[in-house]
Each structure stands twice: as C-alpha cells, then as structure tokens.
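Enquirer: Got a structure for you, written out below as structure tokens; questions coming shortly.
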C-alpha cells in the first residue's frame with residue numbers, strides 16, 4: 001500500500017535549511033494498522049503530508065496506493081483518505097453540505113454524493129446534526145465529522161494525523177471504536193500518528209518510531225519492547241553494601257557486569273549536582289548517561305524515587321551498551337526477559353546468600369522506555385520542548 | 001470536463017451559505033446602495049464633473065466593489081487555510097485552479113447582483129448606461145476580478161498560518177490602488193507626479209475602460225488598454241496562484 005524510499009524534505013528558514021525528514025523508507029502492506037510515533041517536530045506530519053501528496057519531497061520517492069506521489073499525485077489523491085490534525089470542516093457550512101461537497105471533490109455525481117453523505121453521517125452517528133454548523137458540535141463530534149469527510153469516497157488507505165489528540169477519554173475511546181470498526185468491516189489500511197503511547201501500544205499491530213527526521217525503530221509493540229527495553233526487576237535493600245552484593249548475584253544470574261553508580265541520591269536538595277555525579281560514574285555509557293541524568297534532577301522529593309528514576313534511565317541507556325544490572329544507592333535494577341519468572345528466582349538466590357531485600361517490584365516496559373533506550377530521552381521530555389515545524393517556503 | 005465540474009463544485013460549496021442566509025444577503029446588497037445614495041448627492045453638488053456625475057460615478061462604485069470582493073475571497077481562503085478545511089480539500093483530486101476560480105466566481109455572482117441593483121436604481125437618478133457597454137464592462141470586471149482574487153489567494157497562502165501579512169498588505173495597498181485610479185476623484189486634477197504614479201496602476205486603465213464602455217464607447221483605446229490590463233492581471237494571478245497551490249501549503 002505504501003512504499004517509500006529515501007523520502008526527504010527540507011524547509012528553508014532564516015539562515016539556512018532545516019531537514020525535517022531525512023531519508024525515510026517505509027513499506028506498509030494492505031490491511032495493516034500502523035502507528036507512527038515520535039515527539040513534536042520529529043517529522044511525523046511532514047512525512048504524512050508527503051505521503052498524501054500535499055507536500056512534494058525534496059528528494060526520494062514513494063508509491064502510495066499504487067501511484068507515484070510526485071508523478072501521479074491525482075492517482076494517489078483519488079485512492080486515499082486523509083484526516084489532518086486540524087478540523088477539516090469549514091465553519092460557515094452545514095455539515096451535510098460539506099460532506100456532499102467532499103464527495104463532489106472526489107468526482108461523485110450530486111446524487112451519489114448525497115447518498116454517501118447520508119451514509120457516513122449514519123456510520124459516524126452524526127445523522128441528527130446534518131443541518132448544523134461545525135461550530136455547534138462537541139470536540140468528539142467534530143473529530144467524527146473529520147473522519148466522515150475522509151471516508152466519503154471509500155478509500156482503501158486512510159491517513160490519520162493525531163485522530164484523538166485533545167479529546168476526553170470517552171471521546172477518544174469512541175473515535176477508536178469507529179477506527180477499528182472501519183478496519184474490521186472494510187479492511188481499510190490505516191496509517192496514523194498519535195501522541196498517546198498507550199494507544200499505539202494497544203491498537204496498532206505495528207509501530208514505527210521517528211526521531212529527528214529518521215526512522216529509529218519499526219516492529220510490533222511487543223517486539224520493540226522486548227528487544228529494546230526488556231522487563232525490569234527492581235529490588236530495594238536496607239544498605240548500599242547489601243545492594244552491591246545483590247548486584248553481583250544478579251550479575252552471576254544474567255552473566256553480565258553491573259553498572260554501579262555513586263549514591264548521592266539522599267542529598268535531595270542537590271539533585272542536580274548528584275545527577276552530574278551519576279553521569280560521570282554510570283559506566284560504560286558515559287555520554288548517554290549525561291542526557292539520561294536529566295530526569296533525576298526533576299524527581300527530588302523522595303530519595304528512593306529519585307534513585308529509581310535515575311537508575312531507570314541509566315538502566316535503559318546502558319542496556320544499549322549491554323549492561324543488565326544497575327545499582328544506585330540501595331536499589332538494584334535487573335533487566336530480564338521475563339520479570340515474573342526471574343523475580344522469585346532472584347529472591348531465592350538472595351536469601352541463600354543471606355542478603356535481605358526490603359522491597360521488590362517488577363516493571364513492564366512501555367513504548368516510552370523503548371524511545372528512551374533508543375534516544376536517551378523520554379518522549380514526554382521531548383514533548384516538553386517542542387520544536388515548531390517550520391512552514392513551507 | 002472535469003475542470004468545469006470542479007469549478008462548479010467549489011462554486012456551489014461557497015455560494016450555499018450565502019443563499020441560506022437571507023439576512024446576510026440583504027446586508028450585502030444594502031452596502032453599495034448606501035454608498036450610492038449617501039455619496040452620490042455630494043458628487044452632483046460638487047460640479048467639477050460637468051453635468052453627468054452618475055455616468056462617472058457608477059462605474060467607479062462597481063470597481064470599488066470589484067476590488068473588495070476578491071480580497072474577501074482571499075480572506076475566506078486564509079481562514080480555511082488556518083483551519084483544516086483547505087488541507088482537507090487539497091488532498092482530494094480536485095483541480096487546484098478550479099479551487100481558485102470557483103471561489104472568485106462566488107464573489108462575482110454576489111458582485112453582479114449588486115451591480116444590477118446599482119445600475120437599475122441609478123437610472124432614475126439620471127444614469128444613462130449603454131446596454132452593450134454595460135455587458136462588456138461587467139465581463140471586463142470578471143476577468144480583472146478573477147486575477148485579483150487569485151493574487152489575494154497567493155497573499156493568503158504566503159501569510160498562513162499567522163495571517164498578519166495578509167491583513168497588513170491588503171490594508172496598505174487598498175487605498176493607494178483606489179485613490180490612484182481615479183475611482184473617487186479625477187486624477188486629471190492632481191499634480192503631475194501623481195498622474196505618473198497612476199499610470200503604473202492597472203486599476204487606472206480598468207476605470208477608464210469601464211467609463212468608456214458604460215458610455216457606449218466600445219471601440220475606444222481606453223477600452224483596449226483596460227482589456228489588456230485586466231487580462232494581464234488575470235494571467236499573472238492565475239499563474240502565481242496555481243503555482244502557490246502546487247508548491248504545497
């Protein structure tokens with residue numbers, strides 16, 4: 001359905017050019033539901049706008065729904081639906097009129113367009129609002145109207161840019177119900193971007209992660225999580241010496257060397273300084289840890305929490321370099337394939353060695369952990385300092 | 001003809017809210033009439049204009065409306081650009097040029113209705129139009145207006161997503177274009193430098209042409225220059241407009 005090769009787009013801004021998308025390759029087969037994930041400014045929307053023929057690529061090529069996006073944009077447009085980030089309906093127009101216009105834009109006759117308008121109104125539970133103007137609808141209803149506009153011509157491939165952003169949980173669930181039903185009933189191929197990691201995780205069968213204009217991961221959510229992040233077991237001890245001993249036991253079990261960090265976490269008022277200290281001692285990936293230390297500075301309230309946060313970052317980061325055991329203060333973190341099975345085993349080994357654990361928990365990775373493992377920062381941090389997408393010149 | 005069909009599609013979309021809102025339509029029609037009845041008497045009192053002020057004044061009002069109508073089309077486009085409606089339609093296979101022309105045509109239907117009203121009501125006041133000349137004059141305005149509309153779309157596209165540029169430039173050029181064209185007051189009474197500047201204003205030629213045509217002077221040089229100016233504006237507007245649309249928004 002989608003075959004993109006080396007798709008690149010740069011924008012001119014003051015003092016040079018910004019490469020928003022740097023040579024991405026994407027292949028999507030018919031019937032797939034793909035979530036396209038990345039922080040603001042990563043190049044999601046720009047990629048989508050290229051694939052939908054809205055924006056010509058600076059270089060590279062793509063075939064979408066069997067047609068070349070540069071040589072035959074009309075062929076692409078006739079076969080795809082696109083639901084943008086903003087509301088697609090004009091403020092001055094009645095809802096049904098907009099749907100009829102949309103059908104006419106796709107070349108339907110007036111009679112056909114009217115029939116289709118009524119069908120999609122019905123399909124998205126908007127029939128009672130047909131003569132109203134978009135301004136009178138709720139956020140969820142407006143979003144359903146956007147989807148209705150994208151469905152008028154029965155596309156086989158539908159692009160959705162942040163379909164559920166800004167909606168309350170109930171409306172989000174409702175939008176997803178419609179999206180999934182569309183797929184179940186018509187086998188529509190869906191390619192969507194989302195801010196909500198849990199949505200990508202639970203709904204999409206394939207997740208593509210983009211950062212700084214490049215694709216950095218591609219696979220099922222489960223694959224990405226087990227390959228790139230892994231489960232963790234987190235055990236707290238009453239003293240640092242216990243923790244060090246426990247780490248060497250974990251090391252024997254997993255067969256790797258532990259990454260031991262200094263333990264200044266208790267000095268919570270100097271969290272920023274201690275974060276620096278972490279970074280220097282968090283071997284072997286010092287350069288990565290420099291960025292990973294940032295969250296420690298934000299979690300300053302409770303020493304244990306602080307340690308866990310920084311250790312979690314350090315763990316995920318050092319995972320890239322192969323370390324599976326991380327010690328910070330009195331907390332040991334072990335990365336394992338199956339935390340549920342590994343934890344009892346580990347606790348038995350500790351008991352046999354006479355080391356007393358005072359708390360133990362397991363943690364399943366999220367897609368955020370995957371992003372962290374790949375980039376050294378979390379998606380939420382990246383969101384905090386959004387890079388505005390420059391306009392085309 | 002897909003192009004004609006696409007133009008009709010956009011035109012129908014744009015005109016529907018106007019037709020569905022009779023009160024708004026009433027106000028739209030009132031505005032030029034107020035101008036006619038409040039400004040006109042002043043003109044006939046101030047007789048620097050010999051004995052036929054209406055002959056001079058009515059084409060002027062039509063051109064003023066022809067300047068503001070297409071600018072409004074640009075404004076509506078800007079609103080849809082800032083929202084998502086424009087993007088939604090650009091993803092459909094509809095012709096880009098048809099999107100421009102359909103929108104301008106809608107402004108023109110309103111404009112032509114206003115023009116008919118003004119001409120009809122000014123005849124009892126002493127306006128003596130030539131029928132063939134009026135038709136030719138209105139056709140000229142349509143050509144000019146489509147070009148202006150397309151230029152205002154280019155400006156709207158360049159101004160998105162903020163829009164400040166659009167408001168700034170339209171405010172800035174509207175009055176010089178009007179004053180330096182002789183729409184409201186005759187250029188001939190101004191100083192030489194002003195007449196020189198006016199010679200570079202395409203609106204000047206349109207105004208002269210309209211006055212000649214409405215007076216029945218269909219074969220005058222004024223009419224020819226006006227036609228050339230209108231065709232030039234139209235060609236430049238459509239070329240730039242279609243290119244701006246193709247480049248991506």
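Cβ coordinates come from backbone N, Cα and C, glycine included.
Pasting the relevant annotations from TrEMBL:
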DOMAIN    B:23-248  domain 'ABC transmembrane type-2'
TRANSMEM  B:23-44  transmembrane segment
TRANSMEM  B:56-79  transmembrane segment
TRANSMEM  B:108-127  transmembrane segment
TRANSMEM  B:133-158  transmembrane segment
TRANSMEM  B:165-187  transmembrane segment
TRANSMEM  B:223-241  transmembrane segment
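Locate each feature and note its surroundings.
Expert: Cβ atoms under 8 Å from those of the transmembrane segment (B:23-44) belong to residues 53-54, 56-58, 61, 64-65, 110, 113-114, 117-118, 121-122, 125 of the same chain, restricted to positions at least 6 beyond its ends.
Long-range contacts of the transmembrane segment (B:108-127) within its own chain (CB-CB distance under 8 A, at least 6 residues past either end) are made by residues 11, 15, 18, 28-29, 31-33, 36, 40, 52, 54-55, 58, 61-62, 65-66, 69, 134, 138, 141-142, 145-146.
Through the fold, the transmembrane segment (B:133-158) approaches residues 59, 62-63, 66-67, 69-71, 73-75, 77-78, 81, 100-101, 103-105, 107-108, 111-112, 115, 119, 165-166, 169-170, 206, 209-210, 212-218, 223, 226-227, 229-238, 240-242, 244-245, 249 of its own chain, all at least 6 residues removed from its boundaries and within a Cβ separation under 8 Å.
Here the transmembrane segment (B:165-187) has long-range neighbours at 48-49, 60, 63-64, 67-68, 71, 74-75, 78, 152, 155-156, 158-159, 194-195, 197-198, 201, 203-204, 206-208, meaning same-chain residues at least 6 beyond its ends whose C-beta is under 8 angstroms from one of its own.
Sequence-distant neighbours of the transmembrane segment (B:223-241) (same chain, 6+ residues past either end, Cβ-Cβ under 8 Å): 97, 100-101, 136, 140-141, 143-144, 146-151, 153-154, 202, 205-210, 212-213, 217.
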Enquirer: I need to check the long-range neighbours of the transmembrane segment (B:56-79): which residues 6 or more away from its ends have a CB within less than 8 Å of a CB in the stretch?
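Expert: For the transmembrane segment (B:56-79), the far contacts come to 14, 32, 35-36, 39-40, 43, 49, 86, 103-104, 106-108, 110-111, 114-115, 118-119, 122, 127, 129, 137-138, 141, 144-146, 148-149, 151-153, 155-157, 159-160, 163, 166, 170, 174, 177-178, 181-184, 203, 206-207, 210-211, 213-214.
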